[in-house]
Amino acid sequence: MSLSAAEDNSASEIHIPADIDWHMLDKSKFFFLGAALFSGVSAALYPVVVLKTRQQVLPTHISSLKLSLSIMNHEGVRGFYRGFGTSLMGTIPARALYMTALEVTKSSVGTATVRLGFSDTTATAIANAAAGLSSAMAAQLVWTPVDVVSQRLMVQDCNASTIKSSKSVIPSSSSFRYMNGLDAFRKILNADGPRGLYRGFGISILTYAPSNAVWWASYSVAHRLVWGGIGCYANKKDENAVNVGGGFGYRPNSKEMVAVQGVCAAMASGVSAMITMPLDTIKTRLQVLDGEENGRTRPLTVMQTVKNLVKEGGFAACYRGLGPRWVSMAMSATTMITTYEFLKRLSTKNRESLTS
């Protein structure tokens, strides 16, 4: 993300490398490098996702540390990577859809909002929110079936790796035993049809679309505020400023840019996680747990899921796994945004366009 952090009437200006639009990218390089970079990011963060998912489906709260030690003792390191192969296979096409929708929407909406007379700050926030919304909706077409399969593999044998008491047993997880992702895909498809693979699709859209919109809008606002603060601070340090057109100009180095991106990503993640956590918990339970009706196993409805959560622990039960989710989102967002900006610069057709 790049911007001029100072107001028009200010003598201070921050000179950051120009933003890279969709038309400036070498698409084949962008997608190939993106698949490699984000696969590595997914592998590093996957154990936190497993912790978050298990906390969400267990009927009682178990701390992240206690659950981590239990998984390690009963399942070893492999327990933290249940379903990872399936998740990785889905990450590549889902990320491709996500990045395409993100860049195309951001570029088109940003241009349109500026033409409508919005200020640069407002136009950036609107464009980022719209881009986050559209990219999440596009990615969910691929990601929901992958999520259903990988999450079922994550919680399979979960009862064996938690504290052995009736209160820590998952009440109605799937009755099937899955050998791997392909076996799970086949059994879910045979039992429930395509609807089984898209279980929770609606609530996934309601979770991830607003979450992405909030995240990208919050990130753009935080980015502008942080750089604005740095600009005011840099203006007071003559030794770090150079005279530009009668005012002061500050050129941050690459380490400072990465640090600001990371801080802004963590701030945006906190806002997004707090707002959308209840929806994420409901979504996870819809995709993983089943209910019983007249002796038959049936998918839970949204209302049944909410009632079960409230019965188990009140409204606070909707926030089980908030810690791991915030950590996962913050780490993922920080690595994602820094990797993403690095990826865009590696994939630019004309490197000279990166100079401000």
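Sequential numbering from 1, following the chain as shown.
Backbone N, Cα and C define each Cβ position, glycine as well.
Residues or ranges marked as repeat 'Solcar' by TrEMBL: 26-108, 123-225, 256-346. TrEMBL lists 30-51, 258-279 with the feature transmembrane segment.
Listed by sequence, the residues of this chain that lie at least six past the ends of the transmembrane segment (258-279) yet keep a Cβ under 8 A from its Cβ atoms are 1, 203, 206-207, 210-212, 214-216, 218-219, 222-223, 226-227, 230, 252, 315, 318-319, 321-322, 325-326, 329-330, 332-334, 336-338, 341. Under DSSP, residues within the repeat 'Solcar' (123-225) fall into helix, strand and coil as 81 helix, 1 strand, 21 coil. The repeat 'Solcar' (256-346): residue composition by secondary structure is 76 helix, 9 strand, 6 coil, according to DSSP. Taking H, G and I as helix, E and B as strand and the rest as coil, DSSP gives the repeat 'Solcar' (26-108) the counts 73 helix, 0 strand, 10 coil.
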